[in-house]
Amino acid sequence: MRTSYVFHSIYAALGGGESRCGRLPAIRGFVEDLGPVNIREYCNQLNTELVALRRELHQIPEVGLHLPLTQARILKALEGLPLEITLGRSLSSVVAVLRGTAPGGGERPVVLLRGDMDALPVKELSGEPFASTNGNMHACGHDLHMSLLVGAVKALVAHRDELAGDVIFQFQPGEESVNGCLHMLNEGLLDVAGRRPEAAWAIHVWAGLDPLGTFSTKPGPVMASTDEIKVRVIGRGGHGSAPHLAADPVPAMAEMITATHAMVTRRFSVFDPVVVSVGRVQAGTVANVIPEEAFFDATMRTFSDASRTRLKQLWPELLEGIARAHGVGVEIEVVEQYPVTVNDDDAADHVADVVQELFGEHRHVRWSEPLAAAEDFSRILETAPGCFIGLSACLPELDPATAPMNHSAYCRFDDSVVADGAALLAELAHRHLAPSAQ
């Protein structure tokens, strides 16, 4: 990572806006001195600013690891705050460290808050007045994640004299399948504050699943691992009239695909499920020619390290056996991506308690099962106990069960949730770093 630098200035915030989540009434106008308000009230006063930031970010979506416009806008949002800023070398990351100023005994603890930054290569069809027009779309809500993390930064800056420790704010590109978190770890993310984080939290918004404003948690596995397998079946081409004189890779590939689906139902427990999906199949160019080779790509998802390891062993063995039976060759490439996202049991229970205390019991739901999607915040949770938290941004006029979901070109997010998301992240960090907690 690049050499750190520090922003210093007096902080002033713009407030305002109304909430559809039952928050406290927002304070409108310029606020020179917010006074001794609590974190939730403080974030509520930032609502207009955070919503405006979200909508600006929504209009400049960038894909992958290199997000110069997005990075510049985040730096602008953080300008003037007493933060140590570090920029990534191999990606457009922003890491900000806030040093708490409250006295504390012994080694000062560190916590981490994460917000991802990248968009998807999806042409937006949401109909929003602030929809993107560059062929990319924040279809997974990362614009909200950045905005609520900025809100958490500002809330904790305002309460830094109550922090007997330090906070790492991780603004991360490349969450969508390009291992952005791994790049940041390789560049020293965990050591940027001088001590490694002992707790970590992240919020992910959903365009559906639960009613607007509902926070969701689950102890244990909450998101699947994901890996890719790329298969090349090598045959011997020939005339379609004489398949016996060729080595046809197409039926071999077809059997590999059907046998794979049978394998995951017969070699793995239904109580530790495995999900395999073949997303690309390719062979040949014309109908009367047996091709030289055939290809398919698939994803594999598991909810335990044991099943993940076993699948990566069994699947190649299965494909190699089928290839031998058909008299063809096979090349197999396994591309490792994200581990299982596992919430610490105590951390998940604590988040549930804090949500219910701050917002009411109706604002929390405990999921009974994990999602089969994957998330590279899993890499952070491999290093420190913490919790990956869901937050519904489903529009109130839509049914959460049928609303266009994340990654859809039609999905829409109610950004009235950003202030509450900011408040929860800031409150979790504040409680962990309070002098009384040390």
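Glycine is treated like the rest: Cβ placed from N, Cα and C.
Bear in mind that TrEMBL entries carry predicted annotations, made automatically and left uncurated.
Features as listed in TrEMBL:
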- C140, H142, E176, H204, H407: Mn(2+) binding site (BINDING)
- 229-320: domain 'Peptidase M20 dimerisation' (DOMAIN)
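Listed in sequence order, G141, H145, E375, F388, I389, G390, L391 are the same-chain residues six or more apart from H204 (Mn(2+) binding site) with CB atoms under 8 A from its CB.
Highlighted in sequence order, D116, D118, L120, H138, A139, G141, E175, N406 have their Cβ within 8 Å of the centre of the Cβ atoms of C140, H142, E176, H204, H407, the residues recorded for Mn(2+), and are not part of that set. Counting every protein chain shown, the number of other Cβ atoms lying within 10 Å of the Cβ of E176 (Mn(2+) binding site) is 18. Counting only residues at least six positions away in the same chain, the Cβ atoms of L120, V122, A139, C140 sit under 8 Å from the Cβ of H407 (Mn(2+) binding site). If you take the C-beta of H142 (Mn(2+) binding site) and look for same-chain residues 6 or more apart in sequence within under 8 angstroms, you find G115, D116, M117, D118, A119, E175. Secondary structure by DSSP for the domain 'Peptidase M20 dimerisation' (229-320): 37 helix, 32 strand, 23 coil.
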